[in-house]
Each structure stands twice: as structure tokens, then as C-alpha cells.
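So the structure is just underneath, and the comments pick up after that.
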There are 2 protein chains.
Amino acid sequence: MVGGGQLARMTHEAGIPLGIRFKLLSDTPQDSAAQVVGDVVIGDYRDLDTLRAFARGCDVITFDHEHVPTEHLWALEADGIPVRPGPDALVHAQDKGVMRAKLDAIGVPCPRHRIVSDPADVERFAAELGGGQAPDGFPVILKTVRGGYDGKGVWVVRSSKEAAEPFRAGVPVLAEEKVDFARELAANIVRSPHGQAVAYPVVESIQVDGVCDTVIAPAPDLDEELAGQAQQLALRIAQELGVVGHLAVELFETADGRILVNELAMRPHNSGHWTQDGAITSQFANHVRAVLDLPLGDPRPRAPWTVMANVLGGDYPDMYYAYLHCMARDPQLKIHMYGKDVKPGRKVGHVNTYGDDLADVRERAAHAAGYLRGTITE
Amino acid sequence: MVGGGQLARMTHEAGIPLGIRFKLLSDTPQDSAAQVVGDVVIGDYRDLDTLRAFARGCDVITFDHEHVPTEHLWALEADGIPVRPGPDALVHAQDKGVMRAKLDAIGVPCPRHRIVSDPADVERFAAELGGGQAPDGFPVILKTVRGGYDGKGVWVVRSSKEAAEPFRAGVPVLAEEKVDFARELAANIVRSPHGQAVAYPVVESIQVDGVCDTVIAPAPDLDEELAGQAQQLALRIAQELGVVGHLAVELFETADGRILVNELAMRPHNSGHWTQDGAITSQFANHVRAVLDLPLGDPRPRAPWTVMANVLGGDYPDMYYAYLHCMARDPQLKIHMYGKDVKPGRKVGHVNTYGDDLADVRERAAHAAGYLRGTITE
């Protein structure tokens, strides 16, 4: 696995029971996954020689993130190393421009969008939107087509004057309408090389300041037909794009009951962390199984409700005393910490809770996440 | 953790979500746990200097097995390193003579037993038994007081002539009556340094050729009062012996509805592997929590029935094709392999299944374990 973040850490955890030999390419020995994996190579995934040397002897390569240059992936494939997901699929998670063009081509509903060339072009795009937008079409979402995550590389601009910054990086900029959504959903599916696929229940994802805060599985009060449409959409995208492994499709649910695709991620995803304790087979276990072309595990939930809440860094670098309180308060609480240095606002872990009563399950998750961060003190 | 076997491997897996730094002392880099742990020291736990150097900088030491010499554990404690379970408790799992003497002293029911000095003494012990045994008191169980496991260091002898071998090792020999049991049970509990304890449901353990084959949780048709007695017994043993961490109490259930203590293990135990997929908190997670003096997790089951079946080595060193069949046949199957070289009869993994219908759950576990071993081929 290329990349030493928490997704690799939790994929390793899920791979241990399968008896597989898990090898990691990590930037530093302190990275989240590098702390817990036995076979670690320290090196820069942007360097092709490093990547090639790492890949030698691997049966298959997969990823913790989307940032490996697409041409490096082609080079690995040319070396005869299976890359899953392959570069032709992964490019859609790497480049939002390519992703939007492909989703348009296969008729998947997306927010209105186009590549823009400068602030004046943003103003023209805004004017074209009309409709539900303000008279001048603003606000508009601008995204660099590569390199963004967790709100980084994304701007909400209210005028062409505010639109200068996204163009400074010299990366193409995608403009999108700001969708007036009722809530955000995610459809998580896993697909294997021979085409078997499983769909997890569609979840609701609640963002705070552009970062995922809470995930509720399944999405409460979601129309059954719409849930089925969202799963079908994710399965179709995976098939059309040739995805292998876990695919997260982030969706907007509009007030008038439509779904639009916001983002794609081709790896285990924050919106699937609930599956570790809430599903028969976790997203990490199924990602490993897909990458190894093994039959996939049952994606069904084990409890009526599972809630995941992210733990962001707060003022306390030491979690031990917070554990004492949280574990004593809720003996069913599932804590998943990433071994990261605590910095304010940084995702350092998550908690999962499950049970029959959604209000109780949400309260327990929110309490634990808040207490671990330090924003709740009793 | 001292010892690189599968128990350390699965303890590491369970410790990853807590964000702890897990350090391993392993005999070789190929050992089951050494393959998957990041921070591994290769060395001999019987060498005090090695053990001391390993322990420096650890907050607490725990064990994959009982074989660390008791005097070494005292030395670590003298160095100021917390050892959990401590030597005064662990000696009861190391030395069957010490264990029987202590259980007698605190009034815990055991098979009749005494230390014997030679084959003639075995004959005298047999004659003393009388009662339910054959007229001459045989067969009798002989055990070396230290060093045995999985049927090793245990003999069933039918005459004093057969009783010579156990004395050859020069280790004291314990003689025990051969209990005419209806079945074997195990009571698993976890206790923390400040005295909190949790009890898992009492399970039935089915042995084949002296090796655990299947564990059913909870033990079917077990009298509720007897189950409560078994849990209480395990909790009392833990308290009286000062156990910290997981304690497995292997029990005989007699035809007349009594329970007798067979063996003790102070570490995660084969009879608790079902908890990985069948309980809210696994024995491994609770062992870690106890050793770190964190509040313990809920031990209750997540399904009406969970069955664990051990996978023994068979003729196929490569499990990939067996995985294809087993995973496709049962998408809910939980496979736990240990990364060990496959040798005939060696424990190389286990499977867990769970559900509402015990017959179905048993069939699925037995099929998968048999198929992985190669004794079932369809």
C-alpha cells in the first residue's frame, strides 16, 4: 500500500486476519500506518524509482490516497505490477475535471460545472447559472482539479474579485454551482477485478467547516427508492470507470429529492469508517479482498443504527485521561485513534457507536468525540 | 508483549485502534506476530539481559505465553517495570502444582490430584482414587507441572508401567484423576489492576486429540445457575490470585452437574477467540485495556450464537484457493489466519461464524475449517 496515513493503518489492521503480507511505502517512520506495520519502506511516492523499487516483489499495489502521479501508475503497470484501482480508473479520483467529463458522458447527475480560465470567466460561468442562484449567479464553488481534500483546494466565492486565489497554483480550475442541498449522503461500494460488487447502506454525512464530522448509517428517513438509486449509481460508476476496491460516492440530496454526485474517492473513505463496528464486513476488509481478487464479504449492517464521529485534535496531546472517562461512561464505545500528533483541528481518530435507538447512539458518539477533543469536559 | 505467537499478533491487531505503541519481543522475525508488528526486538525471553533491555522504556509488560521464568518477572518488577499479570499471579498458570495447591487452599473444586514421585507412587495415587475409577484406580492423568500446552506434557496412563516417561524430564509430576466429564467449558474473564472485572458468557469447548477444535458461545443448554457459578468461580480465582488481564478457566462439567477446574491461562485464550466477531469487546481489546488499567469494554455477545473452529495445517501450504471457495460459499465467514507455515496438525488459524441458528452456524464454521485444512474438498 502506498501512503502511510490512517487509511493504510486501518487497512493493515483489517488485513492481519487474512494472513497477508502487507508492505507499506510511507513518507516518514512516524506516519500513522508506519507505526504499526512490520514491513515499511520509507520513501517518496512521487519518485518513480522509489515507487518501482517498492513495488518489486509485491503481488498487487493499492493506495492510501490519490496523489501518486498517474504516469507513475502506468509505469508500474508496464512493469507488470497489478495496480488496483488502475490508473485509468484512479485518474477520475485524482482529477476533478476528468471526473466531471466522464460522469457527464455516462449521464450521471452532477452539479452544473465547467473548467474556467480566470476570474472573468468565473463571472461568465456564474451568469450562465441563473436559476436558483442569486441574480448574478454567485456564490460559485471553485476547485483546483488536482490536490484538494477535506476542504483544501476548494473555495466558495461570491464575486469575481474573490476568485483570484484558486488560479494562483497554475492548476486548472473547475467551477461548480453551489448546490442548495438538503443534506449530504455517501454511497459506498466495493468492486473486485472480476466484477463482483457489494453495496453498503447509503449513509448521511454531516460536515462542519468542510470536514466530515458525523456519519449516520443508514441515512435516517431516506426514501427507499432514492437509497436504491444511489447504490445503483455508485455501482454503475464503478463499472463504467473500471474501479477495483472501495469506491465512495459523495452525494448531495436536494430539497426536491434528487441526488447529485459531489466527489469520488477510490479507497476506503471516512464515510465508511462506521463499517468497522457496524457492518458484517468492514470497508477495509472488503477493500483488501477486492484488491486481492477474493470474494467480497457481506456488507450488511449488524445493528439498526451505527454512528461515526470524527475526533479532531484539541488542546490535550495525551488521550489517556480522556480514555478513562469515555470508556467508563460507555463500555460499548469503539475508539479508533490514528497515532497522530494532536494538532488543533487535525483528524486524529474517530469513534463508532451502535444500537437500536438513534438518538442515544448519536449522543454517545458526539459526547465521546467531543470529550476526546476537549470541547466537552464532563 | 513478550512472545511472538498468534496471541500477540491478535493483541496487536486489537491495540491498533487505541493508538498505543505496541512493542514485541519475538524469538525470530518469522514469528506470527513479528510479521505484522512495527516495533519488534528479536531475542530470547529466557535471557534476563535481553528481557531487561526490551522492557526499558515500556510502560507495562504482558505476555503471549506463560514461559518467561518467574524469577525474571520478579527482576523486571524490581526494575520498576509493571508486569501484568504479575509474577505472583502468573506462577499459577506456569506451574500446575502451585495452581492446584492454591485452588485447594481457596476451596475451588478440582479433580483429585497430588504431586507424585515415581511410577510406584502413581500406582499408590491410583489406588487412593477408588470410587468411579477402575478397580485399580487407573487410568490416571500425569502432567509435568511446567512447560505443557495443547496436550503436550500430558499423559493418560493405564498402569504404573506406562508411567515412566513423564518422570524423564526431571520436572515434578502432578497426578490427577481422569474426570468422567460430560463436556468441557471455559469461563473467560478480564480483570484490571484497580479490580474492575468483566465476565464473558461461559462457552463449550470441544477438544479433538487433546487440541481445541470448536468453541460454542454460549455453551448450549447450560444450566443458567451453573453458568453463573462458573463465572463467579473465574472472577473469584482472578481476585484471589491477583490476576490482571484475561483469565481463561478451563472447566469440566460432570455428568452430575458439577464443575471442576481443569487449567488456568492468564492471557488471551483459544476459548475466547469467538469474541473477536461475536462479542461487543473482544478478549484481545479487553486484555489491552486491563493491562493499561483502562476501563473494560462490554463483554456481551452481539449474536445469539457464535462458533469458533480452529484451522489446523493440512496438505496445502497456499491458502489462496481455499479462501476463494470459503469466502464465496459464506460471505459472513470470519477468517483469522496467523501467518504461520502450514505443517500438518499445527494450529495455523481459526474461523468465526455467528447467527441465530446454532446448527447453521456450526456447520459453516466446521465446513470452513475443514476446507481450509483440506479435509473437506467441496
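Just so it is clear, glycine is given a Cβ too, placed from its N, Cα and C backbone atoms.
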ATP site partner of B:LYS96, B:GLU176, B:GLU177, B:LYS178, B:VAL179, B:GLU184, B:ASN262, B:GLU263 according to TrEMBL, chosen from B:LYS143, B:LYS152, B:LYS334, is B:LYS143
Using a 10 Å radius around each Cβ and counting other Cβ atoms from all shown chains, which of the binding-site residues B:LYS96, B:LYS178 yields the largest count? B:LYS96
Site diameter for ATP, Å, by largest Cα distance between B:LYS96, B:LYS143, B:GLU176, B:GLU177, B:LYS178, B:VAL179, B:GLU184, B:ASN262, B:GLU263: 18
Let me check the 10 A CB neighbour count of B:GLU184 (ATP binding site). How many other CB atoms are there? 20
Please average pLDDT over the domain 'ATP-grasp' (B:100-292) for the predicted structure. 94
Residue among binding-site residues B:GLU176, B:GLU263 with least C-beta crowding, 10 angstrom cut-off: B:GLU263
